[in-house]
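From Swiss-Prot, here are the annotated features:
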type     : residues      : note
DISULFID : Cys127-Cys194 : disulfide bond
DISULFID : Cys172-Cys223 : disulfide bond
CARBOHYD : Asn107        : N-linked glycosylation site
SIGNAL   : 1-5           : signal peptide
Amino acid sequence: SCMKAAPMKEVSIRGQGSLAYPGLRTQGNLETLSGPNDATRGLTSLADTFEHVIEELLDEQEVIQPSKENKDADLYSSRVMLSSQVPLEPPLLFLLEEYKNYLDAANMSMRVRRHSDPARRGELSVCDSISEWVTAAEKKTAVDMSGATVTVLEKVPVPKGQLKQYFYETKCSSKGYAKEGCRGIDKRYWNSQCRTTQSYVRALTMDNKKRVGWRFIRIDTSC
């Protein structure tokens with residue numbers, strides 16, 4: 001999120017950024033990956049197929065989604081994974097949710113989205129962020145919904161042994177544009193700052209009374 005503070009008198013405009021692609025976060029587009037040949041046309045066709053699959057998955061997700069009156073549904077997150085090793089890719093549901101959120105915010109259909117992606121228009125994100133898998137051993141503690149500090153358990157017992165808890169966290173990049181303020185804010189008049197914001201996810205934790213259970217805890221989820 002971008003926080004704006006009191007106006008400033010004079011500050012020079014400087015800084016540079018990189019392309020930000022909602023959802024998959026890749027730079028460039030399929031047309032720029034190679035020259036105008038059969039391979040490029042094949043990649044474009046593959047992209048259309050991929051987006052068609054995403055559209056079907058999102059339609060199915062809307063059908064099985066719980067009613068809006070269910071508050072737990074609003075707290076659901078795909079950023080937690082139980083695995084025996086570090087996941088190599090972002091969670092699929094996270095990519096789908098991020099992609100859907102962008103479409104909803106832009107109020108456009110999937111077909112319109114294909115012809116107006118940020119990579120083609122040269123758009124830049126307001127704040128640069130970084131996403132990575134974090135283990136419970138690295139987090140150690142977290143704050144639950146009641147405001148209490150709880151211990152995040154590293155391993156979760158399963159019928160055939162134990163699995164580690166991994167959290168997919170997103171925070172402001174220290175090497176990006178954050179130090180210069182929010183991109184797009186006129187520094188001659190405003191002082192801005194990119195800040196990491198948090199959301200609730202469900203994880204296996206232990207409170208100060210040694211009671212183990214699944215609780216909603218806060219983790220970094222956006223910048």
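Just so you know, glycine gets a Cβ as well, placed from its N, Cα and C.
Keep in mind that this is a model prediction, so the values were computed, not measured.
So where do these features actually land, and what's packed around them?
DSSP classifies Cys194 (disulfide bond) as strand under the three-state reduction.
Around the Cβ of Cys172 (disulfide bond), a 10 Å sphere holds 21 further Cβ atoms from the protein chains shown.
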Measuring Cα to Cα, how many Å separate Cys172 (disulfide bond) from Cys194 (disulfide bond)?
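Roughly 7 Å, rounded to the nearest whole number.
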For a quick check of understanding: among the disulfide-bonded residues Cys127, Cys223, which residue's Cβ has the most other Cβ atoms within 10 Å?
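Answer returned by the neighbour count: Cys127.
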Around Cys194 (disulfide bond), how many other CB atoms lie within 10 A of its CB?
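Step by step: centre on the Cβ of Cys194 (disulfide bond), count other Cβ atoms within 10 Å, giving 24.
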